[in-house]
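> Once you've had a glance at the structure underneath, I'll fire off some questions.
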Amino acid sequence: MEESANVLTFQPKVEQEIRAPSTSKSWKFYLILLSLTFICFVSSLDGSIIATALPHITNEISAADNYVWIANSFLVAQTVVQPLCAQLANIFGRRNPMIISISVFALGSGIAGGAKDSAMLIAGRTVQGLGAGAIFMLVEIIVCDLVPLRERGKYLGIVISSSAIGAIIGPVVGGTLADANWRWIFYLNLPSAGITIAVTVAFLRLHHEKESTWKGAFLRVDWVGSLIFIASLCSLLIGLVFGSSVFPWSSRRVIFPILLGAIGWAGFHFYEWKPPHFCREVLVPPRIFGNRTSAAGFYIDFISSTLLQWMCFFWPFYFQALQGASPLRAGINFIPYETFLIMTAAGAGAILTKLGHYRPMHLLGFCLSIIGPGLNIMLSPTTPKAVWVIFQMVDAVGRALLLPTVLPAIMASLPDSDVASATGMYAFLRSFGFVWGITIPGIIFNTQFKRHSSLISDLSVRQELSGGRAYQFVGGTYVQSLTPDVQQEAISVYREALKAVWVGLLRSESRD
């Protein structure tokens, strides 16, 4: 991302604003920050908590056929809602949309916790996702409103770290609660939401110019643009979810929704650039992309999120496929990466606040992010623990340096009136990048596994692992149950496919 890095960081005025003096904070500020950070943690926890609990849940409510949507409805809803919520926050202020978002999240949690069948559970997870997506975005907007530009990196680093911790421990918490009663996975969100709403109502006061009448506010919302955006994005995401887990990519059930979504999205962008006379305020103002700093920042946000998910998705896979680790052991082996990511993100935000310079962190982050996948190409079944821990550290530090430092750079290049729109787009591109971070490497892996599957001499094993099932079997005992010779052949195919995944990641880094 060398070109983008130069565009983003050589901005004297921007860095002068970031170096502006910081101000002291009251106890009310820290109480609000604590409550917002906590609800971010809880919302992020619910995004990943379902992974280990899903077998228990599907077995109890007989929902095995709908497991894909139980897992993914949260992600789809979380992604599509963010730009609209950003516009609502810009029109109605931050406080009321935040209260409503937390209430929606709590409502979804209650529905999911009381689910009697898969339809009710999917509905609850969808409502949860709508609330969580709005929460993630609104918390970042509120932080940007509460603190000056120079301090945003530090506090955004705290928020991002709390979200990362929630995502990391989600599977462990989910497995633990599922053994007792999986419904408490969702019911425990209710007191958390209640506490945050109480603190928000009692203490959050932001000075934001709102529309004077409800009618005027209603007319400012880009309802047509929102409808086009949400419908087309849902279609696109449905195709991506189906293609990565249900149907082959050549299936019309995958191609048609993706094509329909792409056409709809193209229509949405045309609508936003040439809005009709009745549209007073477009959903995504083109002006937020109007300078090189913000445009480069949004691009880096999307790409870095995609590649971070890429890495987080396939590191545990390496431990399972090449080293024969159980899912639990693979998660434990991935803890160093997660630890370095969290600590560095928090530290990078604090350093940005202290020094006011983000260019060195961006350049170092880009360099380490390129080195990381290059090192991973050397991973083998016998790679020593000390080596793969170092490999994880290099990549995690590089990616974490970008997490809390890109949004402040975007904000510094835009007027305060665009904080909500820019933050909404930043949050959306991050969530959208996470979707592609699973889809693209999944395609690469399946394609390369099929290409190298001729190395497996046993035809029945080769057929068993074909059709995208190689990923499905890696977490179980199937590969370990093979004869030693065939097992080594299968592992060698896994290694070649994984090497292609790392090479694809490296090429993406180098090109960007």
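Each Cβ is built from the backbone N, Cα and C atoms, and glycine gets one as well.
OK, TrEMBL features for this one:
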TRANSMEM  29-54  transmembrane segment
DOMAIN    32-487  domain 'Major facilitator superfamily (MFS) profile'
TRANSMEM  98-115  transmembrane segment
TRANSMEM  127-148  transmembrane segment
TRANSMEM  155-178  transmembrane segment
TRANSMEM  184-206  transmembrane segment
TRANSMEM  218-242  transmembrane segment
TRANSMEM  254-271  transmembrane segment
TRANSMEM  296-318  transmembrane segment
TRANSMEM  330-351  transmembrane segment
TRANSMEM  363-380  transmembrane segment
TRANSMEM  386-414  transmembrane segment
TRANSMEM  426-445  transmembrane segment
> Taking the transmembrane segment (184-206) as reference, which of 127-148, 218-242, 363-380, 386-414, 426-445 has the most Cβ pairs under 8 angstroms?
127-148
> With pairs fewer than 6 apart in sequence excluded, do the transmembrane segment (254-271) and the transmembrane segment (127-148) have three or more C-beta pairs that lie under 8 Å?
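Taking Cβ pairs at least 6 residues apart, the transmembrane segment (254-271) and the transmembrane segment (127-148) are not in contact, as fewer than 3 fall under 8 Å.
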> Need a quick answer: max count of Cβ pairs under 8 Å to the transmembrane segment (218-242), which of 254-271, 330-351, 386-414 is it?
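Top-ranked stretch among 254-271, 330-351, 386-414: 254-271.
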> Given pairs 6 or more apart, does the transmembrane segment (296-318) have at least three Cβ pairs under 8 Å with the transmembrane segment (330-351)?
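Since 3 or more Cβ pairs under 8 Å link them, the transmembrane segment (296-318) and the transmembrane segment (330-351) do come into contact.
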> So what pLDDT does the domain 'Major facilitator superfamily (MFS) profile' (32-487) average out to?
86
> What stretch, picked from 98-115, 155-178, 386-414, has the most CB pairs under 8 A with the transmembrane segment (330-351)?
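By Cβ pairs under 8 Å, 386-414 leads among 98-115, 155-178, 386-414.
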> Under 8 Å between C-beta atoms and at least six residues away from its ends: which parts of the chain pack against the transmembrane segment (98-115)?
39, 43, 46, 61, 85, 121, 123-132, 134-135, 138-139, 142, 183-187, 189-190, 193-194, 196-197, 200-201, 204
> Which bits of the chain, at least 6 residues beyond where the transmembrane segment (386-414) starts or stops, bring a Cβ under 8 A of a Cβ in it?
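The answer is 8-9, 11, 13-15, 17-18, 140, 144, 149, 152-154, 156-157, 160, 288, 291, 293-294, 297-298, 300-301, 304, 307-308, 311, 315, 333-334, 336-346, 348-349, 352, 358, 361-362, 364-373, 375-376, 379, 422-423, 426.
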